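A.B. asks: As listed in TrEMBL for this protein:
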TRANSMEM  30-50  transmembrane segment
TRANSMEM  62-93  transmembrane segment
TRANSMEM  105-124  transmembrane segment
TRANSMEM  144-162  transmembrane segment
TRANSMEM  324-340  transmembrane segment
TRANSMEM  346-363  transmembrane segment
TRANSMEM  383-403  transmembrane segment
TRANSMEM  415-432  transmembrane segment
Amino acid sequence: MQDGSGAYRTTGSTCLHPLSELLGIPLDQVNFVACQLSALCAAFWFRLYLSPGETSPAVRHAFATIFGIYFVIFCFGWYSVHLFVLVLMCYGIMVTASISNIHRYSFFVAMGYLTICHISRIYIFHYGILTTDFSGAKPSFLEYVSYLLNFMSVIAGPCNNFKDYVAFIEGRHTHMKLLEVNWKEKGFHSLPEPSPTGAVMHKLCVTLVSLLLFLTLTKTFPVTSLVDDWFVHEANFLTRLCYLYIVMQASKPKYYFAWTLADAVNNAAGFGFSGVDKNGNFSWDLLSNLNIWKIETATSFKMYVENWNIQTATWLKRVCYERVPWYPTVLTFILSALWHGVYPGYYFTFLTGILVTLAARTVRKNYRHYFLSSKALKAVYDIVTWAVTQLAVSYTVAPFVMLAVEPTISLYKSMYFYLHIISLLIILFLPIKPQAHNQRWPQTLNSLNKKMD
């Protein structure tokens, strides 16, 4: 974001400012890409020259941590102190609190500190600037800081499982995943060493295409056009509906770029192997944060959400949806909004998302079975639900990228709050088939028991 003098503001390094001016891209975004590309190179070197067979876990932990801290300071400067303070506070809780209370204390301290930082970010930097994203037997301190601050995921994620990360550092990651699918029982006497090169190259190609789309589509159809006089006062409703879809489609490539590049960085280091797919091919999608094909072809709001920001959704499901005794959908959406920050647009999106999710679930349970009797009817159902889903998502997530109250209200007024009204009517007048609470808890208890085992 530019300040009044026209210079790009950032708390991080300004050494790439000339490149930022040359490209016309905000300096904080240039710093982000520079760090991720550096992390990609470091990841290849890390896998080749600090392999588990030749290097101790302590050295691998230390290297990953030191590089991660450097990247954080490069991107965020003095503001990175908040991340380090939060990491140390949670570690202090982990080594002092009782086992039965660690998760509670850590959750409330982390979310409380996170919220304070989000509020300070608004008052210090105002809307729109990209600064620190706080969204993020007992281990040793080195294992702990390596897990949270490693150079592969400290800038853009993705969130990952501590057990998987330590197995990766110690060189047990791929073998552990192969044994999970009974590799030796398939006739192979020794476990292979899957190479991530193919997966990394594929993801880098996706990253490149996403970058090109960002530099073209996103610049051509900016989110700010949704508050232009032409859109708000002159265009008819159908035009607004289609144009909103186009603008929201144009806003996706930056997320595709960031998350796919982050996934490629982890894979390049040898982390992210998930086993063998149904065709017998090695898979490197353990840390994948999105499934672009399933997102773009989603025929339900649920399917869309499940394939967007996958790792965060998994965390939300584990810490909230599977644990709360009442209103799991509502409380999970609220926690997600709080985790993202305190911009009003986030709350418009997630509160609207609650209505849309409940309405979509009601419609699906009442009518879907009527369209399963033939392939033709199922095809018609899929086409209609695809169109409805894409339009509903565009309407729901627009405030998320607009951030502020005024443009959000302007947009929804110009759309006559149509999706809110339709969703409320569906919830109020269609019969709801409730999901029995006692059917969810055995699954929850089983999942917790498995994790403890």
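Along the chain as shown, the residues are counted starting at 1.
Quick reminder: no glycine exception, Cβ is built from N, Cα and C everywhere.
Note: TrEMBL annotation is automatic and uncurated.
Neighbours and distances for these, please.
C.D. replies: For the transmembrane segment (324-340), same-chain residues at least 6 beyond its ends with a Cβ under 8 Å from one of its own Cβ atoms are 111, 114-115, 135, 312, 316-317, 346-347, 349-351, 353-354, 357-358, 437, 440.
Below 8 angstroms of C-beta separation, residues 300-302, 305, 329-330, 333-334, 336-337, 340, 389, 392, 395-400, 403, 408, 412, 419-420, 422-424, 426-427, 430-432 of the same chain, each at least six residues beyond the ends of the transmembrane segment (346-363), sit close to that stretch.
Residues 237, 240-241, 244, 352, 355-356, 358-359, 362-363, 365-366, 392, 395-396 of the same chain lie 6+ residues outside the transmembrane segment (415-432) yet bring a C-beta within less than 8 angstroms of a C-beta in it.
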A.B. asks: Taking a Cβ cut-off under 8 Å, which residues six or more beyond the ends of the transmembrane segment (383-403) line up next to it in the same chain?
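C.D. replies: Sequence-distant neighbours of the transmembrane segment (383-403): 127-128, 223, 226-227, 241, 244-245, 247-249, 251, 297-301, 303-304, 343-346, 348-349, 352-353, 356, 360, 411, 415, 418-419.
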